[in-house]
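Trainee: Pasting in a structure now, in structure tokens, and then I'll have a few things to ask.
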Ligand code: SF4
């Protein structure tokens, strides 16, 4: 486990639900975070967030940072891929 | 193969995005992401993007097709198209892959001693022409026929009509749009005297309330549905789903109201009752612009051969109409329809409120109905009584399922009674067509012959001996299929099928012609909002495949009509379109010049003084209005629209002790109609690999049926075994089942009934009685 924590480069995707009328604020806040990509839905109050970090510690930290955004109502993880680091 | 880490990470990232999109789509039907359009598109500088209308549905999205090294490799929504504003659904996005299925037909095939033998195109065309000559000589001109489709391009349908109606002199011209749009046409003709919607898709940006009449838009018209959902996000509009089954559309709507099959007639009348009873009638509009009529009732259902019906319209007054509606109070209709009086009043309140702009949308639910013309009339009644019509956002809107059901079948007039302008029964219209076609006027027969169902019955009876089927798959789509399949196999019948892949219809052919599809040739389609869109030839068709237009031109020449089919190969589409345009000259239906169609994502007729017409019959927008009033329903000689007195009547076959369930059939978002193209697109095929029967979850539990279990369906016409689907996509009511028709391996139309609307002659695929058993 500790090996994985140190030696994988996680890519994770989430669905992020904004609070009412705060979709734009959430897009702005997420766009300002490094290693985090945002794909807003065109027609729904929903964003896709993809994180691409160097290791799990960094990923955990990033997730905490996202969860502290005030315009975010709910963050749901959809997929996680742990890719091995180059040898 | 070496894959760099960067490539792999970018691939995995795409996978992560796709997973999220899939999850989002499951939670929010109709959800769209701009990035989705780009996600899989190869990033190559050599890509040449060219505009076209989408190959698939009648929404008619503008797409950009990416061409690389002579191959169409990608599609994206055209941001310049006002239809879809850069969006694209899953079918449109994968549409180019439909051209590259492994089993594309590339050579003409002729059946010899029960086996198909490859032949040259010239020989195949010679054979077709000689068979036609021989049939006409032995059995008369009405023994040859052509059956086309709403996927015919405008030039395809035009040359078919000119050859058969103008040159050969038979009205044996029909198209599969009879199976999907005919009731919409007769609805328009009886209410307004002229076909096609008065409004346009821009209505979506203006309406506050959307009532979907038996229309699963989330699956059938996904891009338009996403535009409605977008308006909900921006303006808080309301979406009411009025249907017989809970679908993805119901789940995404603000309110889902379920009614019993066929009782939409009663509910529409109850809404009119409420409008009158509450004093919501727009009196000045009705007085100035409407008349009231009633027609015959208890017309039958066309189940017998050679069934004929002609309505006898009679003028009535408002008081008589009001008295008629007394049978349709919300309380009485609650008992018939299963819709609570409260919900009927709720729907009526939106139509009745002068501050709400209401758009009614429908497609197969109202059209595939043995009283299809009536239910179209009744929804127009609601809009006419309240004056909510022909203004931005107030719009009764009939949607289409095929890319050119409007452009080719309805506008070119490839139906037995039609001409490009007007009908065969009208001497003036015949003279107009004969002049442009350069044929003696006597050539055009004033009597319509067979509508689609009757055409296949005539083939069965032996009155028709030769049938040419182009770009449609009737051996999957005809109701009560067995009778019509057996008909094609009878001695002395000769069937030609032009298509791009082998289908159950090519299986019954004597000659199979390989066709060029979509952007492998040049052409135009016309979508649901009167928009004509041009596409150029972008890639070469495979093998010996040629366009349906050119197949017909070649045969016409062989039949001796060189004078009428003077077109040159290099310029024939332009020549045909310019000739066709002449039929529609004048302010009511003028078509845009070809240069305009080439330069922009389509134009809407009437195209007058360099401008498309968005709202017809409204003098502010429509240059054809000439009565000096705000509205002019110029399709009718008195300039008025008709409010029809049409009652509720039963369906021809309802559940009973032997067949206790309702059978409803339809489509799914992944597949386009009979699936002959989309089932060859791996991602769509994998997403929805086979047909199924959808059951009510509680009832399935009682019957001990789980998803995947085999279920036998039996009607008076046949039986079929399908896997069950419980709580997967749609949820039917108790004693109802739903089966999609895209799977040629599970032909649900073996079971359906060939009853039709006596006025439109469109069959009802939505209602018949069925027995359901676990196998
Ligand atoms: S909605 Fe219809 S026209 Fe638009 S992309 Fe999808 S299939 Fe094509």
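Placement of Cβ uses the backbone N, Cα and C atoms for every residue, glycine included.
Reproduced below are the annotations present in TrEMBL:
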BINDING   B:54, B:57, B:61, B:89  [4Fe-4S] cluster binding site
BINDING   B:91, B:151, B:176, B:180, B:364, B:368, B:473, B:498-499, B:548, B:665-674, B:749, B:766  Mo-bis(molybdopterin guanine dinucleotide) binding site
BINDING   B:741  substrate binding site
DOMAIN    B:47-103  domain '4Fe-4S Mo/W bis-MGD-type'
SIGNAL    B:1-34  signal peptide
Trainee: Report the residues of the chain - excluding B:54, B:57, B:61, B:89 - with C-beta within 8 Å of the mean position of the site's C-beta atoms, for the recorded [4Fe-4S] cluster site, in sequence order.
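Mentor: Checked against the 8 Å cutoff, the neighbours are B:56, B:59, B:60, B:63, B:84, B:88, B:91, B:92, B:95, B:222, B:223.
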Trainee: Do you know offhand how many angstrom separate the residue listed as 'substrate binding site' and residue B:57 ([4Fe-4S] cluster binding site) by C-alpha?
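Mentor: Roughly 16 Å, rounded to the nearest whole number.
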Trainee: Which one is it, among the binding-site residues B:54, B:57, B:61, B:89, that lies nearest to residue B:670 (Mo-bis(molybdopterin guanine dinucleotide) binding site) by Cα separation?
Mentor: B:89
Trainee: Cα within 10 Å of residue B:57 ([4Fe-4S] cluster binding site): which of the binding-site residues B:91, B:180, B:473, B:548, B:673 qualify?
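Mentor: Near residue B:57 ([4Fe-4S] cluster binding site) by Cα: B:91, B:673.
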Trainee: Within 10 Å of its Cβ, which one of these binding-site residues (B:91, B:673, B:766) has the largest number of other Cβ atoms?
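Mentor: Output for this query is B:766.
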Trainee: To the nearest whole angstrom, what is the C-alpha distance linking residue B:89 ([4Fe-4S] cluster binding site) and residue B:180 (Mo-bis(molybdopterin guanine dinucleotide) binding site)?
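Mentor: That comes out at 21 Å between the alpha carbons.
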Trainee: By the count of other Cβ atoms within 10 Å, pick out the sparsest of the binding-site residues B:548, B:670.
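Mentor: If we count Cβ atoms within 10 Å for the binding-site residues B:548, B:670, the smallest count is at B:670.
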Trainee: Give me the DSSP three-state residue breakdown of the domain '4Fe-4S Mo/W bis-MGD-type' (B:47-103), ordered helix, strand, coil.
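Mentor: Helix, strand and coil residues of the domain '4Fe-4S Mo/W bis-MGD-type' (B:47-103) number 10 helix, 20 strand, 27 coil.
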Trainee: Of all the binding-site residues given, namely B:473, B:548, B:667, B:673, which is spatially nearest to residue B:54 ([4Fe-4S] cluster binding site) at the Cα level?
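Mentor: Spatially nearest to residue B:54 ([4Fe-4S] cluster binding site) by Cα position is B:673.
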Trainee: Which of these binding-site residues (B:54, B:473, B:667) have a C-beta closer than 6 Å to some atom of ligand 1?
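Mentor: Among B:54, B:473, B:667, near ligand 1: B:54.
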Trainee: Across all chains shown, how many C-beta atoms besides its own are within 10 angstroms of the C-beta of residue B:54 ([4Fe-4S] cluster binding site)?
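Mentor: A 10 Å sphere around the Cβ of residue B:54 ([4Fe-4S] cluster binding site) contains 31 other Cβ atoms.
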